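Enquirer: First the structure, then my questions, so here it is.
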Amino acid sequence: MAKEILVAYGVDIDAVAGWLGSYGGEDSPDDISRGLFAGEVGIPRLLKLFKKYHLPATWFVPGHSIETFPEQMKMIVDAGHEVGAHGYSHENPIAMSTKQEEDVLLKSVELIKDLTGKAPTGYVAPWWEFSNITNELLLKHGFKYDHSLMHNDFTPYYVRVGDSWSKIDYSLEAKDWMKPLIRGVETNLVEIPANWYLDDLPPMMFIKKSPNSFGFVSPRDIGQMWIDQFDWVYREMDYAVFSMTIHPDVSARPQVLLMHEKIIEHINKHEGVRWVTFNEIADDFLKRNPRKK
């Protein structure tokens, strides 16, 4: 059987928004300056990388980044890349009320419409953290796919709503929490699985307030780990989705750009590989796996 391996770069432009919403740098001019590097220096470097190898990419952009870096946003759109939603200030969905989460989502959609001329079809939850109603909000507002959940790794699937589970409460009797997870109802929302082991940020970005922050792991080690994953996928699977999550904060650094060049060149040696946007992955999955009505 011929191989069909869809490969994609998802670029999360956390930039200043990441420090405001997730990384604990909201009071640090130095950390904010690192966010400015991501937007002003990092984005053009990644665009140059993609242009060199003729690759499409999907950029998941917080609203804050859209409004803070208008020149760089125009460069992304002019290059023909896809733009998806990624919060406004990289807010944690779990920490917000339902109204706050919906307001942020609607603002993100509005800004992307103004930027690209069309509504986004895809969403990435900041910090890959879903609230109990994120699924429902995405469905309500017409999103086609999400890239935040991890039920699978290299195969898309339809998102469920209504999963429930019992948390442990040691003030109760054990029988009160000893219950299995209950699966909810499948929806039309396509999940393109997220994968912490194909994300550049945790191992290669130093964050002062994060207790498990690294930032100094060699890109040679990370690049080999990503290549090893691709090699296994290519050996074991005829159809698969291999999506890599990167950030201009990290992957625009010289040592990491060289890592990506090696990864791209390795992947390109294989037959049956196709570089695509996330929207193309979702459309391909929908054709392969139409839902039964």
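Even glycines carry a Cβ here, placed using N, Cα and C.
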Enquirer: In Swiss-Prot, His86, His90 are given as binding Zn(2+), so which of Asp14, Asp163, Asp169, Asp176 is in that site too?
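Expert: Among the candidates, Swiss-Prot records only Asp14 at this Zn(2+) site.
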Enquirer: Ranking the binding-site residues His86, His90 by other Cβ atoms within 10 Å, which is at the bottom?
Expert: His90
Enquirer: Give me the count of other Cβ atoms within 10 A of the Cβ belonging to Asp14 (Zn(2+) binding site).
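Expert: Looking across every protein chain shown, the total is 32.
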Enquirer: Give the three-state DSSP assignment (helix, strand or coil) for His86 (Zn(2+) binding site).
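Expert: In three-state terms, His86 (Zn(2+) binding site) counts as coil.
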